[in-house]
Structure formats: C-alpha cells, structure tokens
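Sequence annotations record features per position, and here Swiss-Prot assigns active site to His170, His215. Annotation comment: Swiss-Prot describes 318-345 as coiled coil, evidence class sequence analysis. Annotation source Swiss-Prot lists compositional bias 'Acidic residues' at 321-336. Positions annotated as domain 'EF-hand' by Swiss-Prot, on the basis of sequence analysis: 35-70. According to Swiss-Prot, the domain 'PI-PLC X-box' annotation covers 155-299, on the basis of sequence analysis. Positions annotated as domain 'PI-PLC Y-box' by Swiss-Prot: 375-491. Positions annotated as domain 'C2' by Swiss-Prot, on the basis of sequence analysis: 491-617.
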Amino acid sequence: MENKWFLSMVRDDFKGGKINLEKAQKLLEKLDIQCNTIHVKCIFKDNDRLKQGRITIEEFRTIYRIIAHREEIIEIFNAYPENRKILFERNLIDFLTQEQYSLDINRSIVYEIIQKYEPIEEVKQAHQMSFEGFTRDMGSSECLLFNNECGSVYQDMTHPLSDYFISSSHNTYLISDQIMGPSNLWGYVSALVKGCRCLEIDCWDGSQNEPVVYHGYTLTSKLLFKTVIQAIHKYAFITSDYPVVLSLENHCSLSQQEVMADNLQSVFGDALLSDVLDDCPDRLPSPEALKFKILVRNKKIGTLKETHERKGFDKHGQVQECEEEEEAEQEEEENEVRDSEILDILQDDLEKEELKRGVGIKFFKKKKVKIATALSDLVIYTKVEKFRSFHYSRLYQQFNETNSIGETQARKLSKLRASEFILHTRKFITRIYPKATRADSSNFNPQEFWNIGCQMVALNFQTPGLPMDLQNGKFLENGNSGYILKPHFLRDGKSIFNPNKAPINSNPITLTIRLISGIQLPPSYHSSSNKADTLVIIEIFGVPNDQMKQQTRVIKKNAFSPRWNETFTFIIQVPELALIRFVVENQGLITGNEFLGQYTLPVLCMNKGYRRVPLFSKMGESLEPASLFIYVWYIR
C-alpha cells in the first residue's frame, strides 16, 4: 500500500528519466519532508551510484527512506499496530494516552489527527494511520516539547504590574557595541517583535530643537526621537496586547523635553497613559487594565493628584525643580560597592541611613533636577526613584515609584539580603541593568534576579548568548506576551522564601529525560561534508541549588542521525523558577567545543512523552528541521 502510494506521488517526476539534486529536493518538499540542504546534498551524492549528478526512481526511494523512515520512530510505531502495518483508531488512542499523556483523547480528536497527517487517501478514509502518517505526526508541532497551553495567554492578567516578570531591554537602540556601534530602529522593532515590553530610550539634545537618541559621549550614531517613537507606535502591539513601558534616560534641555512631550502625545495619542485609571488612583493597575497602552518611565516631580489637576491645561514653559540624591556616575559604581561593604557590618537599615548622613562617606551627590512639567506629567505609574535602601523604601517609597539598580549592587544585595529584596519586589517594580564596564554590550545571567522577583531584568537584546537564550526561553510562556505572573511565593506577603536557602514547603519535581536521537543537526562549520562529533548538554537554571547539567557521550562523525539513548534524571526543588536548556555541540579537541544549536524553555512548560526539541542558532533563528528526539517524564 505504501509502495503504491509512493510511486503514485513520484512517478510523473521521473517520466523524463533521472532527476538532479534540485528536482529531488522539490520532490521531497512535495512529499512534506523537511530537509537540511547540506544533508540532502551529501545523501544524494552517496546514493548517486553512477556519480553523474542524476538519480533513478529507486535511488530516490532510498534517499526518501533514509530521511523519512527513522529507526527510532519505526520502533515506536511497531509497538502499537496489531499487524505492524496500520494503526487503527484504538491503537492511536492507546499511544496518545499511554505514551504522550494526552488528556481527554477521544475518537473525534484521533479522527482529526488522521485527517491532518495521513497522506495515503485510502488509509485516511478508513480512519486509520500508516507509518507515513505516523512519522508526519511525530515530526509535527503536535509533538513539540513546548506545551501549547503555555503558548497562549493563560495566566491571570488582573494582578498589579509588580506581580509580573516583564520582558525588558537595555540600550534598545543599539545593534552592536556601546562605543562605536550604530543606533538603529531595528533594535526597537526586533525587541517588540520578540515580545519585549520595556524599551530604553537615551534622549539627548539634537540640532534644530529635535531630540535625538544615542549612547551619550560615544561615537554611536544618532536617531531622531520622533522617528524612534513612530517605529514603536507601529510595532508596539504586533506580538502582545499588553502595555509597553518607555524607559527614558533623559539628558535633554527643558525646551527639548517639551518637544519630547509633544511628540509622545502626537504620535501615541490616546494610547499614551497620561492620567491615573479611575479605579487605580493609589495602586498599580494590571496588565489587563493597561492593554494597548504606552507608559512613560522617567523622573517625575510632584504628585499624581497635582498631575491630574493640571490635566487639560497648557504646560509649555512650566518647569518643576527639586533637589535629590542622585546616583554617582556609572564609573564610580565599584567604589560605591566597596564603600557599602562598610555598612553591611551594621544590621539595621535605619542605622545605615543615619551613618550615611553623619559620617563622611560620600555615597550620593546632591543635584538640582529640572524637568519640564509637560514631560513630568506624562509619568504616571512608572516614576523613576533612586534606590537608597530597603528600609527607606518600606518607609517612604510610593506605589508608583520604580527603582533602577545596577547588576553589581543588585547581585550583592541578592546574595546578602535576598529575603528583603523579595519583600521589596513584591511592592515595587525594580529594574536591573548591566554594569557600565560592559562596553561590548555583553549580558549578565538574568536568572539570579528573577529568583528574587525583579520585574524588569534589562538585557542587551542585540547580543546573542546564554543570557538571551534564557530570556527568550522564559518569555515563551504566557503566549510570548512579555508578562509572566510571578510564582505565589514571590507575590504573597506571608510567604517565606529565600532562593539561597533550602526551600520551605517546596513542591519539587523529579524530571527524567531519555535523549534518544538527533535529527538533521547542523554540521560542523569545519566539516567539508555533513559531519560533526555531536554531543548534547542538558542544563537546569533556577535557584542556586537547582543549577546543574549533564552531558551525553560523543557520537563521532554523525550530525544527520546520531543515536544516544541515554537517560538523565534531575531533582528540581523550585520548578516554578526553573528553565531547561538543551545545547548541541561539536566536540573540539583544541579550541573547545563548537556550538551547533540550543533550545530553552520553562521546566513546567514541557510536555510529557515522546517529544521533538527544535533547535535555534546563536542568533535565535530557527534551524528547522534540526531537532532532538527525546522522551520526557516528571512527577511532583
């Protein structure tokens, strides 16, 4: 039956005799078989017996079977048909419930699967599935590792903003380094398309009274502020309906601040939040309440009540001024941290505050800040406030005030004062940004700050690598909306949680992964054919006690279909914060291993059963059909 179907599908293509590589590739596409061009070329060459660059129908059949009829899939299929040839509906139901742990499977669902994936018409009409249909089903999105339920907005979006992790970028306008790299609108467009919800805009005075965006005091190129926000307006809600926060680094004169305010209002119109919501005058609203809204994050002078009372009045020429303790220049950050070590000897925050004022240690410098009223009044729920101490915040910080903390200081606080840090992030939105010495736009590991509930962990989206893999993997959850509801123990004021200590009343999971095989993995960059010495590393990222990794053996000279059949077990204490990362490498003897591909996702967003792990490049691009084939099981 399958032979008859195959010949009916390809016979016409061989009427003129043999076919070349290009036609063979098109014929594989016609048969719904995804192929990596390099692998197809090598397999074609190996099966072209006369080495003329053209193959017969029998040679093509061999190529098709090599690519489409994988041994590990044949073994699974053969365990279920009563005659080892055809799956009846009841056989498919057994497979889906026993192996794939699919809930609520019935004949109607099975019928839909057969209709979708079975290519042989007479088998389809009989409500049955051949191996051809089974292998297409196993290679489909239905069998991906990522749970489709996590791929939609499934979380409660009515909590206050502070209850969510918010996808955030740093120096969004840059697409390279921070010294000479170009500023580009693509930085904003790309971040928004990826679901980023907090964008950074460095604003400086430009010529002809037009503010510009660039990395100040460097050779990076400049963009007009108005052009930037026009691009943001166009792409803000393509991927997600939930609010976008514009984090302004404002270095503009008063006159150009007014231009910024005018631009924001004219470009965004009603989408720009310029007053408190009626039901949230004294508390943070929810992402749901702020759908399709743009929020401005900047310094603000005066109260929300005063802002409300000025609404509708012309504010041009009006200036607000205050004296505030401003953070020292970025290059002084390390000195500040060393000075703060003296204060860590004291246990009481109030004593530290008094010491700062009474002892000659200069932590902050006083500065008069002037802000155009027109711009200040556009800041509603995301006012920037200098972080002084947890004690100060508990006493004086207002619900609409947010903090920015550099990675060095934040890391120190997260290690020494984790419980207090969590208490802080339960109430106040906290943004963590890379230290100034990262001139190459490198990133820190964001996991340590998610562990303590920091909402806006800002990364350089333009820089690929492990941190961005974790970022992209984490925000796959909840429909790539850019907002993920924090676990209850990071929201609940009564919960006692410290990521650096053994969790109390945790609900750990035991995760078992059988890494079966690789499918058309990217060949080594150094290979002249389609070969690689492949290995897979499985890593867990989460609280410190959950950080672990395990590795397969190396399969020599096989990137097309390596078989490992190795089983790994992980006990994860805090799965709510855990990410799992699969990394495929080519073993290197001298210069270290070569990265071939990776995939990262939240542990609790994994499907059980036989699953396909899609692989992505270092730049985050899909490497389809390259993937891993695994079996997943976990219990709590």
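Glycine is treated like the rest: Cβ placed from N, Cα and C.
As the structure is a computational prediction, the values presented were derived from the model and not from experiment.
The list of residues near the domain 'EF-hand' (35-70) in space but at least 6 beyond its ends in sequence, with Cβ under 8 angstroms from a Cβ of it, reads 6-7, 10-11, 14, 17-21, 24-25, 27-29, 131-132, 135, 517, 519-520, 522-523, 529-530, 559-561, 625-626, 629. DSSP places the residues of the domain 'PI-PLC X-box' (155-299) in helix, strand and coil in these numbers: 44 helix, 31 strand, 70 coil. Taking the Cβ of His170 (active site) as centre and 10 Å as the limit, one finds 25 other Cβ atoms among all the protein chains shown. Broken down by DSSP into helix, strand and coil, the domain 'PI-PLC Y-box' (375-491) contains 45 helix, 19 strand, 53 coil.
Under DSSP, the residues of the domain 'EF-hand' (35-70) split into helix, strand and coil as follows: 23 helix, 1 strand, 12 coil.
In the predicted model, the domain 'PI-PLC X-box' (155-299) has a mean pLDDT of 93. Between His215 (active site) and His170 (active site), the C-alpha separation comes to 11 Å.
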